[in-house]
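Asks: Dumping what Swiss-Prot says about this protein:
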MOD_RES   ALA2  N-acetylalanine
MOD_RES   SER6  phosphoserine
MOD_RES   SER12  phosphoserine
COMPBIAS  48-60  compositional bias 'Pro residues'
REPEAT    89-100  repeat '7'
DOMAIN    118-248  domain 'Galectin'
MOD_RES   SER188  phosphoserine
Amino acid sequence: MADNFSLHDALSGSGNPNPQGWPGAWGNQPAGAGGYPGASYPGAYPGQAPPGAYPGQAPPGAYPGAPGAYPGAPAPGVYPGPPSGPGAYPSSGQPSATGAYPATGPYGAPAGPLIVPYNLPLPGGVVPRMLITILGTVKPNANRIALDFQRGNDVAFHFNPRFNENNRRVIVCNTKLDNNWGREERQSVFPFESGKPFKIQVLVEPDHFKVAVNDAHLLQYNHRVKKLNEISKLGISGDIDLTSASYTMI
């Protein structure tokens, strides 16, 4: 379930032929709406001022020697979007995917601490391009962490880092339907440390979940519950101090 490539390599774009790759919106973001760095404002004549900007007046710097318009303002067409932050956080302003979440968010609990176990409501279910982010700190001498994407009493996706299973550290993923657990998928790469902070990100894709921890891709888990709109809650439990839990669209 895991591979050895870095998150930086995986962020080369949404057209990445590697099916494990994270979308290009993470880390290598294009400029925001209207950005087009280095391009002229859309219109018939390159260098033309944006509509409504003092008709008849030349844009700054268009004619050498002409009085400068709007001192200190950048020339039209060179408004780059905000710089992308470090790691896997998308910037606001990314268009939302079609589905129940028309805006980008983030939505969820404000910065904590939050009481564990904690339930994050997912009204409308989950949809492709939905990104869930959990921040916290592993407690000293921790035994387990669990994330449960729930559909009623069923668990569509169980993500369960275990710190000491027969003296081994392992991550177990599974699905529970009609009170019966399915086949376990086990992951030996274990990025969690007792007493250390962590960031878990879960990205919903059309046919699987992707999980990254501390900005590095960890695993993916194919959907066993196909009706994603019925997954209405994320349960967070285990030996952690929970700081925040939220979701957004990318």
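Any Cβ shown, glycine's included, is placed from N, Cα and C.
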Asks: Please list, for the domain 'Galectin' (118-248), how many residues fall into helix, strand and coil according to DSSP.
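Replies: Taking each residue of the domain 'Galectin' (118-248) in turn, the totals are 3 helix, 84 strand, 44 coil.
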Asks: Could you tally the C-beta atoms, other than its own, that fall within 10 angstroms of the C-beta of SER188 (phosphoserine)?
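Replies: Around the Cβ of SER188 (phosphoserine), 10 other Cβ atoms lie within 10 Å.
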